[in-house]
Amino acid sequence: MRLRLATFALTALIAAGPAMAELVFPDLSYRTGPYAAGGTPFSDGYQDYFSLVNERDGGIGGVKARVIECETGYNTEKGVECYEATKGEGALIYQPLSTGITYQLIPKVSADEIPLHTMGYGRTSAANGEVFEWVFNYPANYWDAASVAIKYLSDENGGDLSDKKITLLYHNSAYGKEPIRTLEELADKHGYELTTIAVDHPGQEQKSQWLQIRRERPDYVLMWGWGVMNQVAVQEAANIRFPMENFIGNWWAGAEHDVTPAGAAADGYKSLNMNRIGDLPVFDDIKTYVHDKGMAAGDGSNVGKVLYTRGMYAAVLAVEAAKTAQEIHGTPDITAAMMRDGMEALEMTAAKMEALGVPGIGPEFSVSCADHGGSGQGIVQQWDADAGKWVALTDYIQPDSEVIAPLVEEDSMAYASENNIDLRCQ
Amino acid sequence: MLYREAGDFKTSYVEDGQTFPIRFDRWRYYAVLAVAFGVIPFVINDYWASAVFVPFLIYAIAAIGLNILTGYCGQVSLGTGGFMAVGAYSCYKLMTAFPEISILIHVLGAGVITAAVGVLFGLPSLRIKGFYLAVATLAAQFFLVWLFNKVPWFYNYSASGQISAPERTVLGVAVTGPNTEAWAKYMVCLVFVVALAWVARNLTRGTVGRSWMAIRDMDIAAEIIGVNPLKAKLTAFAVSSFFVGVAGALFFSVYLGAVEVGEAFGIQKSFLVLFMVIIGGLGSIFGSFAGAAFLVLLPVLLKNTLVGGFGWPTDLTAHLELIIVGALIIFFLIAEPHGLAQLWRIGKEKLRLWPFPH
């Protein structure tokens, strides 16, 4: 009882802070637990970009951005707590970086009318804006990723995958199960043989899975992994001498920390990426305006890494959407509903990215009322262990929308009828 | 001074056998109920409901359930997470198969199904004891989680393997789904907690409870004086699983709204509930509440103090939280191995003498 009273008093104190004009961007991050290796650089990039915008440009349209960080540990219960704790602060957009938490939040944000942006993760069928008014997953989603990977393999084999065996190694959760449906459809189309192997959370134990791979000798292994699972998988692949160039991770299984533990053995491992990597001009600004002033998020060591860049890209898209919203509504003080309008009118062009100091960081795409999914393009990159960096192998590959669009339609319509949602944008 | 038997005369057996024999205790109990039913629903907001009260109440039900099995009947179980999953998935299947029937009935139905599953996994307890039984229940934990992941029928063949609760109403008020008001969530859990705690308290005071405790204290002696171990152990498993199943159903439908079995009902959930029971006090209904409060509220309190109050980095706080909660668990168990309930009991003894201890 005493505990309860103390907590009461405390939150009352926190809630009574002064109300200033600011744009609130909650950052549901995870810097602890088995997924921290991926969560930390992403969150650093996300926060650093908002700090940069505040320091260099004096905020977004003159209004300062405020980032509230809340630790979720990739755990849905804590994610819900973080959401409830921050939504009252005037949150404009949520980016939880967790498919599990996304599934929790989709109905909640729709009821509370706050936009949710799940960039390259979350519920794929949320790309259908007719059904999911408050959820966005541009520039790409899991089904795009599956299709891009298959397309790349098909090109590698001269357009014919008919006698190939492909194995999907996936994290046994909503995240890992997402691509199965698409890969099955694509198997029908291209004629390859698909097997799926699950790895249970957190993924430190994969001996039996790789034994099965060794026995079945698939031509290619695709991986939907995250956190410690990636490092273990790369190491196990090296242990059974699986040819690394035939092992392709999705874009959450292709960061530096995933391959460095295996050392030289990881050389040649491939992964997808939805954003380009490399030395972007904006990193210099971040160093000057943020890190040199001692305002770096985290320890400041992650600048330029794959997931740092992606976190920063997420912030870039959020800031651009906020600017668009300010233009549409003619006010710098935007609300969550206005933010949603901004996201729906967002257009990323090469010129815009160039002007922001992030040339070519992502594909060109535009969002519309019906299409919340962006272009869906991705690249394939390969790890060069000697140089210690990722090398882009391809330009942006277009996914097979012929297969994906009907799947998105089917899944989102099922959601709409389950939840009695009237279609928008008619 | 206030807290004493003197002057509180009992004139019937019913009065003599009541749960709270001391007048002050009784008033305190009514006062807590009055606040819980009459005040909190009117002031509660989404944060307090989702982060504090609803998880506390649901974990309290699970802890009472495990306490019946482990604290009262002496059968160690590590399968709580698995049984909660049974509750959640049966609630989901019932909700989607019979949408026109009240959700309250589905939650109770989920409890009954879990009770049946619990009895099934309780059968080995007739032959094996102690650590060996713990391992058998551990098998239940892993088997059940695997089952709900493996068989698509349980999650209605959804692409992601997640189950999510559709909107259901009680008396026209939504209690599940995204449009649920904070007070509605809270009230539905509170009603279940109060009713189930009342049932548990009275079961453990009666014949059934006494046969459980006889088995716990010495099973051979209990058998000799005529307690049927088959009946005692299996009823303990059934009642315990019923409680845990109801907790799992509420956890899924009212609290989270969407769950993934491996993440929400993994082995760590079994340990969490077991720790609640051990810290709160084995064989005590109050202890179940105290343990649930300790492990649900303390992390939230620490997080709010350290991040919200002092502005410390979130990762540092998350690690400190583990350290502090862990240290407090050790401290409490060294200071009082019988848990918070025993501290409360000692406190009450001292209160009786206060302010004139000699």
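Note: Cβ is positioned from N, Cα and C throughout, glycine not excepted.
Quick look at what TrEMBL annotates:
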type	residues	note
TRANSMEM	B:27-44	transmembrane segment
TRANSMEM	B:50-69	transmembrane segment
TRANSMEM	B:76-95	transmembrane segment
TRANSMEM	B:101-123	transmembrane segment
TRANSMEM	B:130-148	transmembrane segment
TRANSMEM	B:236-259	transmembrane segment
TRANSMEM	B:271-302	transmembrane segment
TRANSMEM	B:322-344	transmembrane segment
Three or more CB pairs closer than 8 Å, sequence separation of 6 or more: does that hold for the transmembrane segment (B:130-148) against the transmembrane segment (B:271-302)? no
For the transmembrane segment (B:101-123), name the stretch out of B:76-95, B:236-259, B:271-302, B:322-344 with the most CB-CB pairs under 8 Å. B:236-259
Beyond a gap of at least 6 residues from its ends, the CB atoms lying under 8 Å from the transmembrane segment (B:322-344) belong to 275, 278-282, 284, 286-287, 290-291, 294-295, 298-299, 302
Beyond the flanks of the transmembrane segment (B:76-95) by at least 6 residues, Cβ under 8 Å: 62, 65-66, 69-70, 101, 103, 106-107, 109-111, 113-114, 117-118, 121, 130-131, 133-135, 137-138, 140-145, 148, 154-156, 163, 165-166, 168, 176, 240-241, 244-249, 251-253, 259, 261, 264-271, 273-274
